[in-house]
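Here is the structure we will look at.
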């Protein structure tokens, strides 16, 4: 009796499996995968590794697609590529297009125009199924590190899947055809070919993750092996186990139940213990991938004590049925809800988002996803389906173009408002001067929406690339500015640092015009100007060899040039609070920076320069200040931070003070951002910040009289 319960023949299991076209265990995996992702996005602290749900999806996709393609190959020795691609389009495009268009239009209405460009760009990338590559490029762009998430950022995984679907049938067809031509065993040839491709992809994934962690998360080659793992179960599982005279888990109910429990345990372990610091995908991705492989390989049949009996429950199967639509809908709701509600999301808000996402998912599955798969263009020639897809893509891109045009008009209006306010004695930081009798300087924002023009990256008309630049590979890292107006230069000065030095340019340029200076500036985003390697940025590992080499070479070349040219003054600033360095001593960052910065300053002052350090302004890292102010124009105090939270230690300024040298001085403007308790998002009707951690260009410009006064005080 026990043997009859625990063991079944392969033919019996196949007959039983064929009764139900949809495997409940795979639907349960889909449900678990999508809920891991959704809960991670809603409660990232509570479920830090929920992003592994995407990896579960990849393995499932690799298994199902490969199983389908294998069946077609074994029936007809060919793959009807046109029909295959047409089915994929009918399955995925309708719902993805609906959510993409709805999200785009909602963002147009609800979100500040400063976010329209990124949303339009990413929507176009998503509809063209290259969103993952766009995000990979942004992940290594320092200027994009504080860009708010778009409504379609989650489409990156759909892009990876579509790229897989484009190539995988060709690989399987090629391997199968080669086996026929050379009279090889077809299943064995497919298994070995897929195993080799997956092994190569895995090696690349591990190498790329540990050398370029941020882009590795998104790029397709680093994910191919996950699809391949599922494909190997579909193609080679039975063949390989048979060759080894072993049973598949699906051929032994006791083994199947054990494999299922172990598989789900591995997925749960990774979801609960992985976090943003985990090097992922890399080696770590093998945990959820292996877990998913075990569940799929175990098959749909299992003993009563297996988790499959539990996960066959109707609620879980329902979530599995709507998993694709739920994945599509949940993220834009999370992004748009704070704008609609006019406050950060609380627990009840998040529960409401979850319920609304499930409701929308059910509706779109019934009204869009299912009809698209079973009725839309059914029986139509594949070419016509492709043309319909192209038309849908073109329509979405046209809508994105409309959003970009609207952005241009909105930015022109914003610029005009700022220009009209620029002469107001109560504009920006001028409102803090008691002599101007401005009343409450922290009241409503007079310009509630700021765009990219307020970012610190800009040059004055007097500036141009240096004739003798500082060069790293193909990058020229030196700009020259002549603010003398044709008069003899009173001094040659340098501005050194990263984007946190660059943010002071709108005030420094005015100071240079006032004093008739010639200015040279060299700034590299994310690079401290010390001779110690940077190992992390904003808590994220930043230890790729090229980035470290660029920072170190640039820093040394700048110092060599200053020593050679002997300028009268050097202005410097850097995001020391966000750029972690490592000199190998293990000491606190303030101590490491203290020595490294002092070494640079001594070299500069030794060449005759006086050094002036801009103390970094307070940060607003809890939220994007411009977005918050746009939604709280009349009550911008809702976007303020406590002084203790915002005014973090600045290791560069601390090092300058610690040196105690008359030739090294600090320009501290903290009191122009904060009072004793609070650091403000709006001062004098003007937005103080351009993003999470850079002051707006207009606010810095309004600080010019204070900068000039304090410069005159410390230069004496």
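Placement of Cβ uses the backbone N, Cα and C atoms for every residue, glycine included.
From a predicted model like this one, the values you see are computed outputs, not experimental measurements.
Feature list (source: TrEMBL):
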- 25-362: domain 'Acyltransferase 3' (DOMAIN)
- 463-708: domain 'SGNH' (DOMAIN)
- 28-45: transmembrane segment (TRANSMEM)
- 51-70: transmembrane segment (TRANSMEM)
- 91-111: transmembrane segment (TRANSMEM)
- 164-182: transmembrane segment (TRANSMEM)
- 189-210: transmembrane segment (TRANSMEM)
- 222-241: transmembrane segment (TRANSMEM)
- 253-272: transmembrane segment (TRANSMEM)
- 278-297: transmembrane segment (TRANSMEM)
- 318-341: transmembrane segment (TRANSMEM)
- 347-364: transmembrane segment (TRANSMEM)
- 385-407: transmembrane segment (TRANSMEM)
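Long-range contacts of the transmembrane segment (91-111) within its own chain (CB-CB distance under 8 A, at least 6 residues past either end) are made by residues 119-120, 123, 126-127, 150-152, 155, 158, 162, 324-325, 328-329, 332, 335-336, 339-340, 364-365, 368-369, 371-373, 376, 389, 392, 396, 399-400, 403, 406, 627. In the predicted model, the domain 'SGNH' (463-708) shows an average pLDDT of 92.
Using a Cβ-Cβ cut-off under 8 Å and counting only residues 6 or more beyond its ends in the same chain, the transmembrane segment (253-272) has close neighbours at 5-8, 25, 32, 36, 40, 47-50, 52-53, 56, 247, 284, 287-288, 290-295, 297-299, 301-303, 305-308.
Counting Cβ pairs closer than 8 Å to the transmembrane segment (164-182), the top stretch among 28-45, 189-210, 278-297, 318-341 is 189-210. With pairs at least 6 apart in sequence, the transmembrane segment (385-407) and the transmembrane segment (28-45) have fewer than 3 Cβ pairs within the 8 Å limit; the two do not touch.
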